[in-house]
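Record features, source TrEMBL:
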DOMAIN    31-162  domain 'PIR2-like helical'
DOMAIN    289-406  domain 'PIR2-like helical'
DOMAIN    521-631  domain 'DUF3615'
REGION    250-270  region 'Disordered'
Amino acid sequence: MHGKPLRRIGEDCPDGATSKSVRQDICILLDRIHGFYESALDRLPAERIPSLTTRLLKAGVCFGFLDPVSNIIANTISYTPSAEDEIEEEEEIIISKVRTNTKDERIFDIPLYPETVDSMTVARRSLEGLVTFLCFQYRYLEKTEALRYLRLAGCDLLGAVGFVEQDRKRSPGEPVFNIMSPTTRIALECAALSARHPKPAELMGVLLSLMSRTVKVSKILGAHCCLPSAAVKRLAKLLRASIDLGAGRKKKRKRGELTPSNTESAEWRPGMHGTFRHTQTLKLLLLGKIHGFYLEALALLPRDGLRKLHHCSLIKGGYCYGPLDPVSNIILNTIWYGTAFPMHQDFEFDFQVDMICTRTLMRIECCSLYGIVAFLRARFSSLSEHDALWHLLLANVDLRLAIEMVQQSGFLIGGTDLDAYKKAAVDSWHSDPDALVKFTTLSLDIEPTKLSHMLAHALDDCTVEHLTMLVSKSSPTKSKKRARLLNKVSSCSEILNKNQKMLIPAIRKKFKDQEFYVRKVNDALKKKSQQTGVDYELHIICGVNPKVSEGSTTYLYKKRFKYEYFHINFLATPKGSDPATTPRELFFAECSNGDKDEEGRPSLCLPVLGSSIDHTRCFFCEHSGINIVHPYFGTYIGRRDDFQEMASGRQDVLIQTIIGRYEFQVDGMFTLKEDWIYFDPNMDAKIAQMNPIPDWARKVREWGRIF
């Protein structure tokens, strides 16, 4: 797979955030927050309970799951004061300590520098906590984008969450925002740390357990007047009981979910599709959805056919665009590519693979996105790149639905399907764009409803053979240009130099003989079967991140960058089940990178049904730029510690750094060293021309484990 280097999607698209606009956002938000504190001070009986004022300045942050003023009151009262907190001050003095001096240039830093946070007012620290929560709750969310959501929501946390959820258009069946989810809990903890709350764990207990006592708390705080001392004591008792009993109650309580429709301040207005200013965010969200489609397609393809043949066709030509839904397009394009462009007989795989190489899978996903964006913009000449991405998000990457939605938005359709598919094929690096155009615009000799039904279920070898016959009958011949090139390829000696000829069989043998990841996965499945009583058979490994470090990465250099664990996704099927009726299950495993230290580092194996890339966070996988689906519930390395260190200022890595590194890897339209494993002289002559190998033996030695 090779093509002309393209500019990255979103590369030259302004995100709308300038230093001036960021300063304006911060000033407006702080002004709103100052008003919250004035209202809170009017309701707190500081004259009768002097410690309340100092407690407010230390711990009365405005974020939580009540309205901002109630959050301030609850967080102030719940904080256990020390003897030194018993200081009585005038309300005017307290307000002056709450108000942030906008002449202080340090307040406009996003994020605040660790050494300046402690000197900030509680209002500015509250804003820091609000921004941190959103950025740690949601992948790909820049700090400047978080500020915009907060402005839209009037600085109300749940309102901002409602806008983000509305913008990100969860697919049917995906979990919505869940206050009790581990991701939310960690984001809250990070918010407390970034705001320098004196007792983050205590604040966490209050915020999470308040949700089970909302009615009681609302009755106490409902009256818009100064709270009597008795009400403060009653609320304090209630909140501190929440801290003590919160853990037990959380286990018994049914997990609550929050949708944008029940957040009062998130009143969605029709036509407000301009909330997204970051094209980068849209692109990464779409790549996450596309990754999910490829996992579905891998799960539907038959095990033996996938491991012997289809794995190669999928990473070379299994695009998700076409006349059907994304998953069906992947399967049909994969089968057609293998039929239309069979691998040169001297380079056919003589063994079954156990894994799809991680980077090659990510590249075909990226190529698919570039192709589908190119198609839309070819059909709608006035459609911007940003608008194309937005409509694809609305349509859940279904090209047919996206076209309808673009038309509904008022864009005039033009051009032809032929021209659009040609542009898509070129931009997605298809080896023979003309052939793909002919295939996608021809009708198969089968009723569309019957074809859709066939592709919606796990395929067996007979069904794949039937589909192969259908695409063979309908497949066009290779383009004239491709035919001329193939006529020149009489033998690999005309394309490959001596070192390249030695490298390909050597690296394939290394790929074939490598049993490390397969052995680890089988061991993890064996332990899983001991727990569940169900024996599983590996279908295919579909993602590996070998760089997962035990403990904080702050001191990784002291360990000479040794990574003790790896994260891995794989599909498996219960042994003895009917492949046609039993869906393959997607699993996540965390295993030791060592060969003989499983006892010291036990493996973790969890199903990830219903989860997706965007639902969970992992510092190591995001930082490495590798698509791994993590379990929605459960504990794994990378879920918490490094994010906490980022929030507290002990970690040099910033959210912007993680997003940038992740984007660089997943938006990968470039040749890969893994291309040598799948090399076919019929299709990959340019790769050989552009990548001469001076020393094949050294190349193999330096390669390391293939993943």
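Note: Cβ is positioned from N, Cα and C throughout, glycine not excepted.
Secondary structure counts, DSSP: the domain 'DUF3615' (521-631) has 28 helix, 35 strand, 48 coil. For the domain 'PIR2-like helical' (289-406), the model's average pLDDT works out to 95. Summarised by DSSP class, the composition of the domain 'PIR2-like helical' (31-162) is 84 helix, 0 strand, 48 coil.
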